[in-house]
Amino acid sequence: MAKSNYCQLSGAPMIFGIIALSLVLQLVAAILALRLIRVTGGAFAWTLLALASLLMVGRRSLSLYHLYATPPTVPPLLVNEVIGLFISLLFVAAVAGLSPLLARIKSAEDYWRESEHRLRGMLDNTGLIAVMLDDRGAITFCNRHLLDLTGWSREEVVGGNWFDTFIPADQREGVSERYRHILAGSKLPLHSQNEIITKSGERLLIAWHNTIMRDGSGRVVGGTAIGEDITERMRVEEEIRRLNTELEQRVSERTAELAASTRELEGFCYSVSHDLRTPLRAIAGHSAIIREECAAITHSCRHHLGRIERAAVRMGELIDALLELARVARHAAHPEEISLSKIAQQVLTDLRIASPERSVACAIDEGLAACGDPVLVRVALQNLLENAWKFTAGTPDALIEVGSETAGGETVFFVRDNGVGFDMAHAGKMFGTFRRLHRDEEFEGTGIGLATVKRIIERHGGRVWAEGEPGRMAIFRFTLPGLRPCEPEYPADMPSSNAHAQGVPVNVSGK
């Protein structure tokens, strides 16, 4: 077959080469475009680009055909083919340059979608409400917990107005107004509470943690809130508050009743103790008359009269102890800074004067200070020191110590002696009224002293306890945190318990 006339034209081989090169470049561009379609998920624009490339390939193929066609058609212009080649080069360069960029964009989109998927999954399973609003208050996102809690479906709420759908009518205006103020630049409260309504009309109290959303320019474009349904918790807390109030009221009533009963009992005790003095004096007086007027009475009668007189004295001591206990209860306390070292020194000095034959070593720490009523604290310390003095009577090298120590950040005072001691099995009974661990033949006492100490210490808000070892030692510890205000429990004009004024000796010490 004869060669085409076009091939014989001047410059035809060059045109053929240009067209062939353009064809190759356009094929490469089409392949790259098709690859981008696969990488980017078949984007519509790239589909059109691939179609355009295929059309250009078809046109170039047609141009080649015309070069060899017989008879020849209109000869192609060299300039046109050069321009076509240049365009093909630009096209390939553009597609090749955009490929990695679009691949990175696609990867970023995939990562963003995956992150969004994980975030939505996490928000759906937190057990908390999550909601996002735009600047108009429209719901752009809500998690499954909100839908489960309120009974709405996602289709019913997403895109709808949050305030119209979820905020009760009586609160809607106020809540939406606050949201508008926040969008306008007011400070967003980090935490807030408000009620929402369910599809059935039930009200739920939600505690919110709020944040605002901004665009690239910093403009507020919406808000995000994480909420917790605290309806049941608040109901339980309110019930607990109600029960606490009711319990406090009951305790107050029972305390008042107990205080009234205690005052009545102590008043009765005071009255009985006071009224017993008259028959007691009569017994003692008639016994003395019999002893004086009946000089010829037998030794046995004198013995019985002596027992009567001793019993009368013992009864007087018990009455004095009861009156002292009642006086402590009705004493109007006046707290002030007091020196226990000074009080202890004064009490021990009085004991030395009363018993000059005794030789007792005394060790008193300096600077023992507390806040309390000086009268009451002196009574308590006097009872403890008189006990220590009494129960070291038969001890060689008797020693009484008064000091303090720190335990658990608290100052603890103590009175310690090396006397007869006691068995710890009886430690819990020692502070009861009329409780004694020794017979009268061994050590005199009424059994009221430690009960008085306990009442005084507890009135100061403190504690008192004892430790001992038979035949070796006894130590009484107590604390004085501070005095509780207390009004007199008896009329101020009630007769004093001053035993000396009544003519009966006082002895309030006893273990």
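Cβ coordinates are placed from backbone N, Cα and C, and glycine is handled just like the others.
Of the candidate ranges 169-200, 233-264, TrEMBL annotates residues 233-264 with the feature coiled coil.
In the domain 'PAS' (115-186), helix, strand and coil residues by DSSP number 41 helix, 12 strand, 19 coil. Averaged across the coiled coil (233-264), the predicted model reaches a pLDDT of 87.
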